[in-house]
Amino acid sequence: MEAVMTFEKIPQKILLEFKERRIGTPTLVDILDGLGTGSVLTSRVQTINCTDPYFVAQAYTVSWKKVRKGKDIQQSQPSTWAQVGAFLVPELENADGLVYVAGGGELITEAALAGGMSCTYFEKMGFAGVILGGAVRDMRELKMLKMPVLATNPIPTDTQGTYLVQETGTQCLIDHVTVYTGDLIVADNNGVAIIPVAVISQVMQQALAIDNTEHCMLEKIKAGERLPALIDVTGRI
C-alpha cells in the first residue's frame with residue numbers, strides 16, 4: 001500500500017519552472033536569511049557521480065542510528081537485513097517530486113548508507129536525487145546514473161551490523177541539520193539548501209522574482225552599467 005504523504009506536494013509544473021531556470025542556492029539562502037529560517041548542509045556532503053548537479057524536490061527522509069546490544073545479551077538479535085531493509089523505503093511506489101535524504105546525526109563516513117544497486121532503484125522510482133549524510137559505495141554503478149548522488153566519500157563497507165534504520169518518512173539529522181520529510185531541497189554546485197515546508201511557497205515566489213531582477217542586472221553589467229549603481233536601485237548583489 002502506497003504511503004500517505006503528511007505534507008502537500010508541490011505541483012510538478014512549479015518544480016519544472018524552478019529546474020528550467022536553475023534557481024541557485026545562493027539566491028535561496030539570501031531569502032532564507034531574511035526570513036530567519038532554513039539551513040544548508042555541510043560542505044562535506046558533495047556530488048559524487050556528476051559534474052553539474054541540479055535538482056529541486058521535496059525530502060523523503062531515512063533516519064539511521066548505531067546498533068547497540070539489547071538488555072538481554074543472551075537473546076538473539078534481529079538479522080542485519082531486518083535492521084536495515086527499510087532504507088529502501090518499500091512504503092513508496094512512486095517518488096516523483098521527491099529527493100531521498102538519509103542521515104544519522106554525525107556524518108557516517110566509515111559505512112555506506114547506499115550503493116549502486118539501491119541508487120539505481122531509487123532513480124527508477126523517480127527520485128530526483130539522493131543525499132546521504134555519510135558514505136556511499138559502488139562508484140562505477142553510480143557514475144552510470146543520471147540522478148545526482150551526494151555523499152561525503154566512497155567506501156567499500158556497508159552499514160549492516162553497525163547501523164540500523166530508525167524510521168522513514170519523518171525526519172533525519174545530517175551533522176547538525178535536521179531535515180524533515182516535505183522540506184524543499186535544492187542542490188547545485190554551490191551546495192544544498194533546505195527550505196522548511198511552512199515557507200516553501202513564499203520562498204519560491206521570491207526566488208523567481210529575484211531571478212528576473214538578477215538576470216536584468218547581468219545584462220546591464222554586460223552593457224557597461226556600473227554595479228554599485230545597480231545595487232542602489234535593486235538591493236541585490
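Using the three backbone atoms N, Cα and C, a Cβ is placed for every residue, glycine included.
Look at TrEMBL and you will find Arg137 tagged as substrate binding site. Under the heading Mg(2+) binding site, TrEMBL lists Asp138.
Taking each Cβ in turn and tallying the other Cβ atoms within 10 Å, the top scorer among the binding-site residues Arg137, Asp138 is Arg137. For the recorded site, Arg137 (substrate binding site), the DSSP three-state label reads coil.
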